[in-house]
């Protein structure tokens, strides 16, 4: 996990489930990295007054971030590893950073992000970007100063790996090495019960309506409560219901009033749509969607909602039980591509749980949905649902391109698979088919698009702006900050040369 010491521009309020914004009430910018305010920013409350940053930040000359270990900066062939794909050199660090330029004095608060930050145990290096153990990064702005720090999320998977100096739980591509056949059989039994699945909560961090802050990943057991003041791990977030299941959407929809999630059913292929209220650990079922294609549900890393509907995507990149059982990763890891099973989009009413539309759409591959909204005719009647996503042209190669070997060995060749802003139109008039088109010319953003955010005030509503990572080619990973203006179908790309520095 690295802090980018370069022009970091956030021109409008943005939000996504891998970040939390805290509003500070006190007037002390402490030397130690300890967030003092307990009032984590509540989603839609005047974020536009707190999130505009247009300054250049670089490492402090007084408190320097620790350098990466020498062995982590080795080369691959003739090419230097990028520091962004190198493990953090220590579990925790904090310090004040030197600011070049000026941070507005009215900008007071703490910005928290979560993601993979440690890709090795001892001398063993992990395979895939998604295998990395979770690292929380916090940036505290106050009185024109910037204090930064990071902490490792103390999951069971991470603690066991530290103690035993080996992988002990099934990660995205990594599987524990069994010492003998009996140990292998036991590990398979643990897989069926879910006890061998990782709880490495490296995908997102959300602030619930009651103030609790939770790190998340694809496994339900990987829901971990953290202290936003110190970034310390508090403990597991235990769901108190009996809905069961081992996995869920890594990016739920979280507002002040509710927590919405999808729970794939691997036995009877389908999805439960569930809601959890603030102050509760109990998820309640809104409704169920049965899969229309394939023998297993499609991967649901994220999903969109509108004001009145939950949209459930069913893409042909489906969970695969056989791949889950394998001791070594397959090209698509825990999934399998089944184009013959087709692709579908389902629309469920939030209040009744009734499915109001279920349409076949062109094949697609997406990790992240941007937003969705209801399309009305001139009489104000809702005629369709529009859902936007970062779509990879139904190309599953993107998973393989996120192997660390690929990310660390860029040699100037253009190897990033194409992506676009994919726009689904789902008619609500009973039509059997929906459409999927590029919302704007992909060439305008370098045919790269992922890691998207919007102004949370427009969640589920018609919106004008989106923010994401685009591509300035040649590249092997999205490398630009991109602002999309849907009203005029235009793009603003901010391309920066940067040298990330550890925090």
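Any Cβ shown, glycine's included, is placed from N, Cα and C.
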* TrEMBL Fe cation site partner of 301, 368, selected from 248, 251, 445 -> 251
* To do: Using TrEMBL as the reference, determine which range in 59-81, 82-104, 105-127 is annotated region 'Disordered'.
  => 59-81
* Structure fact -> In all the protein chains shown, the tally of other Cβ atoms within 10 Å of the Cβ of residue 368 (Fe cation binding site) is 21
* Among 251, 301 [binding-site residues], residue with fewest other Cβ within 10 Å -> 301
* To do: For residue 251 (Fe cation binding site), name the DSSP secondary structure in the helix/strand/coil scheme.
  => strand
